[in-house]
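Student: Checked Swiss-Prot, it gives:
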ACT_SITE  C337  active site, glycyl thioester intermediate
DOMAIN    253-545  domain 'NEL'
REGION    1-242  region 'Interaction with target proteins'
REGION    243-250  region 'Linker'
REGION    251-545  region 'E3 ubiquitin-protein ligase catalytic domain'
REPEAT    57-77  repeat 'LRR 1'
REPEAT    78-99  repeat 'LRR 2'
REPEAT    100-117  repeat 'LRR 3'
REPEAT    118-139  repeat 'LRR 4'
REPEAT    140-157  repeat 'LRR 5'
REPEAT    158-179  repeat 'LRR 6'
REPEAT    182-203  repeat 'LRR 7'
REPEAT    205-228  repeat 'LRR 8'
Amino acid sequence: MLPINNNFSLPQNSFYNTISGTYADYFSAWDKWEKQALPGEERDEAVSRLKECLINNSDELRLDRLNLSSLPDNLPAQITLLNVSYNQLTNLPELPVTLKKLYSASNKLSELPVLPPALESLQVQHNELENLPALPDSLLTMNISYNEIVSLPSLPQALKNLRATRNFLTELPAFSEGNNPVVREYFFDRNQISHIPESILNLRNECSIHISDNPLSSHALQALQRLTSSPDYHGPRIYFSMSDGQQNTLHRPLADAVTAWFPENKQSDVSQIWHAFEHEEHANTFSAFLDRLSDTVSARNTSGFREQVAAWLEKLSASAELRQQSFAVAADATESCEDRVALTWNNLRKTLLVHQASEGLFDNDTGALLSLGREMFRLEILEDIARDKVRTLHFVDEIEVYLAFQTMLAEKLQLSTAVKEMRFYGVSGVTANDLRTAEAMVRSREENEFKDWFSLWGPWHAVLKRTEADRWAQAEEQKYEMLENEYPQRVADRLKASGLSGDADAEREAGAQVMRETEQLIYRQLTDEVLALRLSENGSQLHHS
């Protein structure tokens, strides 16, 4: 940090006197501005940086995080970067024409001045902007998220990245592409956009448009799905969600949301217990999640669903660790559609089972632990498949894709944690052929990879530490002996073979690979030994249908 010098002055000789005369107007105005500081403002530090920037002819001026309520009118004319983020600014002065990068995030700006003609980056997220001035043709990146903007001016042809999340936009700007080679990624999530202009199809297929959590009409969704599903479609990838963009952000007290899942004769006791958790992190969003969960198709149509949720909530009340994990998993669940709530419920049930396994529920039931591990493995593979499917779609709600594979294959793959119904399968883009291929891939990878995966699974290790302490200690000793005696040479050999000796990044990667291979070998041997003993005793089988 530059030293604070309220009385910044120059040496008294003829050369510096000439310079001082040139800067006199700047210095005088800045000193006057400093004297008008409000309590808490660090204008003395700001003036020190201003003078240092001017004298050194620096092209960067950083006045961020100084609690400034205003800036002086005359900024150094030569700067190309200005950072005034995290202050209390309500407006900006006239900007130097040389400016290329403007950072003014997290202020209280209600408007912007005329933007310099050479500006390339505009970062003004988290302000109170209601509109924007004309955007210069040179602009490459812009972040205007978390403002109050209703409409956008024309977008420059050069603009590559635009983030306009959480505004009040009611429509998208017109898109004109032609032969422009620019690859664009634009974010318009969480606005009030109800329709999509046909000009969006002018964008190249390498471009991405994000419009999740907007009140898109069913007509707009159907039209876009029809267009983007065409074999000759060459437009951008469009990310949307089956949300009306108007989820209720209000929530009732946590205890009230929880007790609603219990029979009346238990509600008083349950309420008293859960009142103690109302100030825990994510408690408010967890309350909202519970209310949204009650309105899913599974809650309405699945017998015993309410009792299942109540039993789960009882387990949460008894374990601070499990409750913390579950609150975090549910944190963003209500920001999208009903199916996101359903997918979150799947994840919460996984969290519960893995927690129970780690805590010892299956210590004496290896067959049940294997079944749980097999289900977790299958879900991991389905996530990989869903991720690959998302990349092939031009009009995609990622939540629907992930949930579709779990829901539609829940019975065939014996997924106890997956809901059996979803609301918007029709827009997922997942076909019957996708499901057949996914099932075959899961079974093939399970046959070839599950034993290795299970041998490295955390809950299995927790069981081994508790129930096979001597064998676990021997395996750990063997691992550290191999790492001490063989690890350095194996890493060196791998780097030499790839011609990357001396490359620090390559060394870290090679080291991680050798470590994983070592653990895989030792833990697989231990797993085979323990499972052979336990499964022969109780008649369970490692292989499963």
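The backbone N, Cα and C atoms fix where each Cβ goes, and this holds for glycine too.
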Student: Compute the average pLDDT of the predicted model within the domain 'NEL' (253-545).
Tutor: 84
Student: Looking only at residues six or more beyond either end of the repeat 'LRR 6' (158-179), which have a C-beta under 8 A from one in the stretch?
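Tutor: Residues 125, 135, 137-152, 185-197, 199-200, 202-204, 211.
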Student: Helix, strand, coil residue numbers for the repeat 'LRR 4' (118-139) per DSSP?
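Tutor: Computed counts for the repeat 'LRR 4' (118-139) are 0 helix, 3 strand, 19 coil.
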Student: Looking only at the repeat 'LRR 2' (78-99), what are its DSSP counts of helix, strand and coil residues?
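Tutor: For the repeat 'LRR 2' (78-99), the helix, strand and coil counts are 0 helix, 3 strand, 19 coil.
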Student: When the repeat 'LRR 5' (140-157) is classified with DSSP, how many of its residues are helical, how many are strand and how many are coil?
Tutor: 0 helix, 3 strand, 15 coil
Student: For the repeat 'LRR 1' (57-77), DSSP counts of helix, strand and coil?
Tutor: 0 helix, 3 strand, 18 coil
